[in-house]
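Residues or ranges marked as active site, proton acceptor in TrEMBL: His222. According to TrEMBL, the feature NAD(+) binding site maps to Gly53, Ala54, Ala55, Gly56, Gly57, Ile58, Gly59, Asp79, Asn139, Ile162, Ser163, Asn164, Met273. Under the heading substrate binding site, TrEMBL lists Arg126, Arg132, Asn164, Arg198. The feature domain 'Lactate/malate dehydrogenase N-terminal' is assigned by TrEMBL to 48-190. Positions annotated as domain 'Lactate/malate dehydrogenase C-terminal' by TrEMBL: 192-355.
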Amino acid sequence: MQASADVNRRIARITAHLNPRTNNLKMEGSSNLRLENCRAKGGSPGFKVAILGAAGGIGQPLAMLMKMNPLVSVLHLYDVVNTPGVTADISHMDTGAVVRGFLGQQQLEDALTGMDLVIIPAGVPRKPGMTRDDLFNINAGIVRTLCEGISKCCPKAIVNLISNPVNSTVPIAAEVFKKAGTYDPRRLLGVTMLDVVRANTFVAEVLGLDPRDIDVPVVGGHAGVTILPLLSQVKPPCSFTQQETEYLTSRIQNGGTEVVEAKAGAGSATLSMAYAAVKFADACLRALRGDAGVIECAFVSSQVTELPFFASRVRLGRNGVEEIYPLGPLNEYERVGLEKAKKELAGSIEKGVSFVGK
Ligand SMILES: NC(=O)C1=CN([C@@H]2O[C@H](COP(=O)(O)OP(=O)(O)OC[C@H]3O[C@@H](n4cnc5c(N)ncnc54)[C@H](O)[C@@H]3O)[C@@H](O)[C@H]2O)C=CC1
Ligand SMILES: O=C([O-])CC(=O)C(=O)O
């Protein structure tokens, strides 16, 4: 009995990375075994998650961390290159999620069908001297194609959009979904979690505290001056000198550039981003499960300002964004920052909207 359960488990694990429609498994010293001939694993509870851009600098560690998440039962890894290797590698981890790989545009629909959560880190990263907006020309088209697939195959999925420039790619995604008649603004979230992660880290350094005890709301968007940390609202309550405020604001706004320059042409933040993406995805999954009080910052369709999209604290629930919190009282430094942020954001949002209109 025990021996046969062990064999079943082994077969399920070996075959987990195979695309059930297309792949045979060649076992050494045996004939081919098709996945559909394996005994099914007894319906493990959990969510189905796809990562688009899964073979990239963010995608690979993100895939590894999502494979470790007990809320995930099925993990689909899609990219235009290298997914067979990444999938085979990750599928050997002895955690619950079944992993399947999908390669190239012709497998996009299979990758997306039935997904509860789609995380998108597909696209090119910055090199030194570039702004996030310099990525627009390449990444806008990539995001449009992927979102067309989502509209068709999993229109009810929660979408976590990482590809830069987030301030424009989220409006692009919204326009694609509107065109397809599937737009639900609650389900589309631009991932700004890395700004919060950085803010917590840098504030903790200044205060001499553990970053896990710090919570900094970061609002606005995800590029330069649009990243607006609200240092007057840090929890636990604390105060900063003007010099500390200026240092922290600038460090948080330029955190991405700090990594791009340190990597000197080899890309942008990948490991801290994968960590932040998993933190955010886990919050979305806990909310989908029905947990109460799940609150994170994200760049979403919003009426908090006059702009159609804005990052602020949101409460997540079974349908995605359930409530968007107002910005709260700002000090003079933050009010000035907000005006600068809104000015730049307006142009980036408009650029995304008109890209799809073309
Ligand atoms: N929101 C945020 O806080 C952050 C966003 N980013 C952004 O994330 C994106 C990815 O960064 P990295 O992983 O470092 O880049 P990368 O170049 O290492 O990986 C990108 C992956 O996307 C794949 N890809 C390209 N076209 C695709 C398509 N049409 N469909 C599916 N996959 C496709 C590539 O094959 C590659 O594997 C960049 O745009 C970067 O600027 C990076 C860090 C933080
Ligand atoms: O700076 C970049 O290009 C990547 C990014 O968005 C970040 O690290 O915040």
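Each residue's number is its place along the chain shown, starting with 1.
Cβ from N, Cα, C; glycine included.
Annotations in TrEMBL come from automatic prediction, not curation.
Features recorded in TrEMBL, as mapped to the structure shown.
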{"residue": "Gly53", "record": "NAD(+) binding site", "contacts (Cβ under 8 Å, 6+ apart)": "Gly59, Tyr78, Asp79, Ile120, Pro121, Ala122, Gly123, Ile162, Ser163"}
{"residue": "Ala55", "record": "NAD(+) binding site", "contacts (Cβ under 8 Å, 6+ apart)": "Leu77, Asp79, Val81, Asn82, Thr83, Gly85, Val86"}
{"residue": "Gly57", "record": "NAD(+) binding site", "contacts (Cβ under 8 Å, 6+ apart)": "Pro125, Gly267, Ser268, Thr270"}
{"residue": "Arg126", "record": "substrate binding site", "contacts (Cβ under 8 Å, 6+ apart)": "Arg132, Asp134, Leu135, Asn164, Gly256, Val260, Gly267, Ser268"}
{"residue": "Asn139", "record": "NAD(+) binding site", "contacts (Cβ under 8 Å, 6+ apart)": "Ala122, Gly123, Val124, Ser163, Asn164, Pro165, Thr169"}
{"residue": "Arg198", "record": "substrate binding site", "contacts (Cβ under 8 Å, 6+ apart)": "Arg251, Ile252, Gly255, Ser272"}
{"residue": "His222", "record": "active site, proton acceptor", "contacts (Cβ under 8 Å, 6+ apart)": "Arg132, Asn164, Pro165, Val166, Asn167, Gly190, Val191, Thr192, Asp195, Phe299, Ala311"}
{"residue": "Met273", "record": "NAD(+) binding site", "contacts (Cβ under 8 Å, 6+ apart)": "Ile58, Leu62, Pro121, Ile162, Leu194"}
Query raised in the report: Beyond Arg126, Arg132, Asn164, Arg198, what residues of that chain have CB atoms within 8 A of the centre of the substrate site's CB atoms?
Result: Pro125, Pro165, His222, Ala223, Gly256, Thr257, Val260, Ser268, Ala269
Report task. Provide the number of Cβ atoms within 10 Å of the Cβ of Asn164 (substrate binding site), excluding the reference atom itself. Result -> 26
Report summary line: Restricting the binding-site residues Gly57, Arg126, Arg132, Asn139, Asn164 to those with Cβ under 6 angstroms from ligand 2 leaves Arg126, Arg132, Asn164
Query raised in the report: Hey, what's the widest CA-to-CA gap across Gly53, Ala54, Ala55, Gly56, Gly57, Ile58, Gly59, Asp79, Asn139, Ile162, Ser163, Asn164, Met273, the NAD(+) contacts in the record, in Å?
Result: 18
Report task. Taking a cut-off of under 6 Å between Cβ and any atom of ligand 1, tell me which of the binding-site residues Ala55, Ser163, Arg198, Met273 pass. Result -> Ala55, Ser163, Met273
Query raised in the report: The record names Arg126, Arg132, Asn164, Arg198 as the residues that bind substrate; what is their largest Cα to Cα distance in Å?
Result: 18
**Report entry** Cβ neighbours of Arg132 (substrate binding site) where a neighbour is any other Cβ within 10 Å
**Finding:** 26
Report summary line: The mean pLDDT across the domain 'Lactate/malate dehydrogenase C-terminal' (192-355) is 98
Query - Secondary structure content, the domain 'Lactate/malate dehydrogenase N-terminal' (48-190) (per DSSP, counts of residues) - result: 66 helix, 30 strand, 47 coil
Report summary line: Arg198 (substrate binding site) -> DSSP, reduced to three states, gives helix
